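Right, one structure below, let's go through it.
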Amino acid sequence: MTVRTRFAPSPTGFLHVGGVRTALFSWLYAKHHNGQFILRIEDTDRERSTQESVQAILDGMAWLGLNFDEGPYYQTERYARYQQVAQQLLEEGKAYRCQCSKERLEALREAQLAAKEKPRYDGHCRNQSLPDSGIPYVIRFRNPDAGIVSFHDEVYGDIHVDNSELDDLILVRSDGHPTYNFAVVIDDWDMKITHVIRGDDHINNTPRQINLFKALDAPVPVFAHLPMILGEDGKRLSKRHGAVSVLQFKELGVLPHALLNYLVRLGWSHGDQEIFSVQEMITSFDLKNVSRGVSSFNYDKLYWLNQHYQKSDSPESVANALQWHFEQAGIDLNQGPDLKDLVAVQAERCKSLAEMCQISQYFYTDIIEYNEDAVKKHLRPVVLEPLMVLHERLKALDEWKNDKIQECINDVSLQFDLNLGKIAQPLRVAVTGSGTSPSIDMTLALLGKNKSIKRLEDALEKIRARASVV
């Protein structure tokens, strides 16, 4: 048997982290078993489905590297197939037309609630032979009257539901459109899905869907339902917790494999291992190690993993991802150091690519923004003379290298009997505009000689202006 899994999002909003974890687990299971992973877009909600959301799903999957073997299939392109199967079920007596009005169904629901009964359809039209007479009708599934639906969930274990608890669900609405529970069964059947891995919010649908599979003499897939992901406050993950869309994490500067590594550990474990390459995930993944407990999304842990990969990945690969952030900021990368050289010194100082871009823009711009507090603290008249001497020493350098730059700084600090920080920190503010940067010799080396000398000259003018006021 060839394992075939699927990811079936609805294009009614962004691709959120819960959906991404479902896609990841489905993808990993298929890859682990040398199977196939199918993407299906469940776009039957015509009012809420948008092409923008479809594109966001495709873009998110591509960014994460979750490539699919088939698809994307669209449910809206399969309406004829759903109608065909519905007609087949009608002819076999496994479905029936229901002409109950909304008013009758609402009155039934209110009466059942008043009697403290579970709201459900009462089968009013079940045994009536209603022709297609032009009166609006829905098509309902004739659910078995007796017996038990039993299935083994790969996460939750054995589950048993009495058929008496299930009513006759609607397969086709009065406008001819299929319902979710009907379309998904036909799709999984036609697409030969062997394993359905999805969120546990679908677990209550499973007994109904199993009855449909059996009514169609279709093979019933294996089911695995994943517990939900909560925010750190124990509430369902939402926008109030921060980024929840996969492409928002790209904007925040999270590397795609860092996000995958983080998500795979939300509800799945392999011993005490925390760091997984994508290939290690594929090799190790097993549904038996998926936890039944809910998971909490921890941004600190995600950024810890992200920084790990920023430091352990090659500077070239991190630079490729970082380039997008500079482009979004409108920064001309031709005006500064090679990005891989920047990554080599900044990776361990930042938790994300977005932060790395933000704190490194002074390397690529002609004009820098000065932190006024840093200017007041470090660009004082007392450092004017040492910085003037340092300016001349640096300007005279034939080789603009770290060791030569550091040698100049050391010599000037000795000449003026200053602690090294008393000269290095004013120099840092002069060339970066702030009091933080990589080591001062590395900062100047990356900036280049011309830019460093020009900024030091501008800072000297600032100090002279300040001295004249004093």
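The backbone N, Cα and C atoms fix where each Cβ goes, and this holds for glycine too.
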Listed range which Swiss-Prot flags as motif ''KMSKS' region', given the options 51-55, 161-165, 236-240, 376-380: 236-240
Range among 9-19, 196-206, 328-338 that Swiss-Prot annotates as motif ''HIGH' region': 9-19
Secondary structure content, the motif ''HIGH' region' (9-19) (per DSSP, counts of residues): 3 helix, 1 strand, 7 coil
